[in-house]
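Colleague: Okay, these came from Swiss-Prot:
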BINDING   16, 52, 84  [4Fe-4S] cluster 1 binding site
BINDING   158, 162, 165  [4Fe-4S] cluster 2 binding site
DOMAIN    7-121  domain 'MTTase N-terminal'
DOMAIN    144-376  domain 'Radical SAM core'
DOMAIN    379-441  domain 'TRAM'
């Protein structure tokens, strides 16, 4: 590389949607510093691994990726490990992987340029602070997006302290971004071509703020204000906690046309005994009541969930109760995982840790039921007309892929249309993970 060539960077994000958002913000920040993006880490001058610590497998994958960055001549790029693994393991990362130059937690990544500068001077630059001031004010303003959809972090951190979860320790206490900042960022995204925004938070429905008139509002109020923005066609939010599904938010699902009929509401288990051990602070009955009320407000809503199988002490009867809540809820989709023992969490030292073989067998049974429900939900859409936002090209000539209001991928052959267009379609076929459709008419 010539000395006057701009330095290149590659950001690889693991895990949740908020990590995707954080990765995009880091990329924007590096772009403002004169770096240009590289397609992958093989030839980049700087590689940022934006990590996830929710499960052991995701955390260990980071070290595998670090090892693969070593080049044939023995050199490595400047390597920065960001995100929740960085926060949880800190200097241990640099000890295990000496090629790592920068370790930065999720609340300090706005300092990434100065940490890189320190690394280039030969220092091991580590910043795990959780500063009181908001990192968001230090980030560059949002620019053109190139895609019709975008994430917008409105809330970070969690105060729930579920006994299996590292998020309160890696992301910190719950904070809500100011209303005015969120409206400004949303407007910048829409000006850059975004038509759908997903509001993000570890506990997104705990967001609170004050509107332009100084009135206290919750997430439902923010959604109603965003819905007034011309050019913004769709609004989603994730991830929610059952205890923070307020009356106002439930009502908004029935009243705000731009709020998509989709709700991701994790329950994790169907046994009150296990929910108590998890410190979920809700019961099976209260969860099902929320689902009932949401469906009363928006009958066509798609419900998504999260499940953990094999939590310490889970009996066969407890697991059977999880299958029961799945049958009662009728999920459109759901994510299910084996319990992952995370150091530092209360569940890691609980008695009656479940054997791996038992967890595997239970996970297979749960996923079979969830897959059956997902297929049934998809098949129920066949013959319906709906509106798609076209997001990317398909594999076939003239084929585009969009998202339905219920978050399914929909394949449609629509010559003359482009990514970012909206189109009315009729659903013609349903698979386990996607739908097929025929176009009816384009919408400007």
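Glycine too: its Cβ is placed from the backbone N, Cα and C atoms.
Provide an account of the burial state, proximal residues and distances for the features listed.
Modeller: Long-range Cβ contacts of residue 52 ([4Fe-4S] cluster 1 binding site) within its own chain (separation 6+, distance under 8 Å): 14, 15, 16, 19, 58, 59, 83, 84, 85.
DSSP assigns residue 165 ([4Fe-4S] cluster 2 binding site) to coil in the three-state reduction, outside any helix or strand.
DSSP states for the domain 'MTTase N-terminal' (7-121), grouped as helix (H, G, I), strand (E, B) and coil, give 53 helix, 25 strand, 37 coil.
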Colleague: Count the Cβ atoms, other than its own, that fall within 10 Å of the Cβ of residue 158 ([4Fe-4S] cluster 2 binding site), considering every protein chain shown.
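Modeller: A count of 23.
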Colleague: Which has the fewest other CB atoms in a 10 Å radius around its CB: 16, 84, 162, 165, the listed binding-site residues?
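Modeller: Each of the binding-site residues 16, 84, 162, 165 was scored; lowest Cβ tally within 10 Å is 16.
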Colleague: Other than 158, 162, 165, which residues of the same chain sit close to [4Fe-4S] cluster 2? List them in sequence order, counting a residue when its Cβ is within 8 Å of the Cβ centroid of the site.
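Modeller: Other same-chain residues near the [4Fe-4S] cluster 2 site: 160, 161, 164, 166, 167, 168, 202.
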